[in-house]
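Visitor: Feature list, courtesy of TrEMBL:
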- His2: Ni(2+) binding site (BINDING)
- Cys74, Cys77, Cys90, Cys93: Zn(2+) binding site (BINDING)
Amino acid sequence: MHELSIADAIAGVVTEQAVLYQATSIKSIHVRIGEANAVDTDALRFCFDVVSDAQPLLSGARLAIDIVPHRARCRHCGQEFHVVQCIMQCPTCDCWEADVLSGTEFMIQDMEIDNSTTREGGDG
């Protein structure tokens, strides 16, 4: 299950950035994952919940995942097509030479943090 190592890596990167911005908590994280990475999003969410519950800064953080379709363009006829199960054969001309357009990315798009501080004891 590579989703656990992915969740751990996401947690590490966002925690590092949150500390730089003096965050008191991380509310949400938005990631874009290419379809070609074959990530099970349910497993990733589960693993992220496990990893984040063990870290106070991440506790309760929401993970939003966008899956980017795996797309390619045929070098022979120029047809753009959806790549299925990593088979990059053009559905129009049957050529096997294609350039990947999208679907291999893996990025943390953004995150929402809370860096407010509360003072105990009221005013003053």
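Heads up, the Cβ atoms here are built off N, Cα and C, so glycines get one too.
So where do these features actually land, and what's packed around them?
Guide: Proximity of His2 (Ni(2+) binding site) to non-local residues of its own chain (separation of 6 or more, Cβ distance below 8 Å) is seen for Val39, given in sequence order.
Annotation for Cys90 (Zn(2+) binding site): same-chain Cβ neighbours under 8 Å, separated by at least 6 residues, are Cys74, His76, Cys77, Gln79, Phe81, Trp96, Ala98.
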Visitor: Among the binding-site residues Cys74, Cys77, which residue has the fewest other Cβ atoms within 10 Å of its own Cβ?
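Guide: Relative to the other binding-site residues in Cys74, Cys77, Cys77 has the fewest Cβ atoms within 10 Å.
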Visitor: If you draw a 10 Å sphere around the Cβ of Cys93 (Zn(2+) binding site), how many other Cβ atoms fall inside it, taking every protein chain shown into account?
Guide: 11
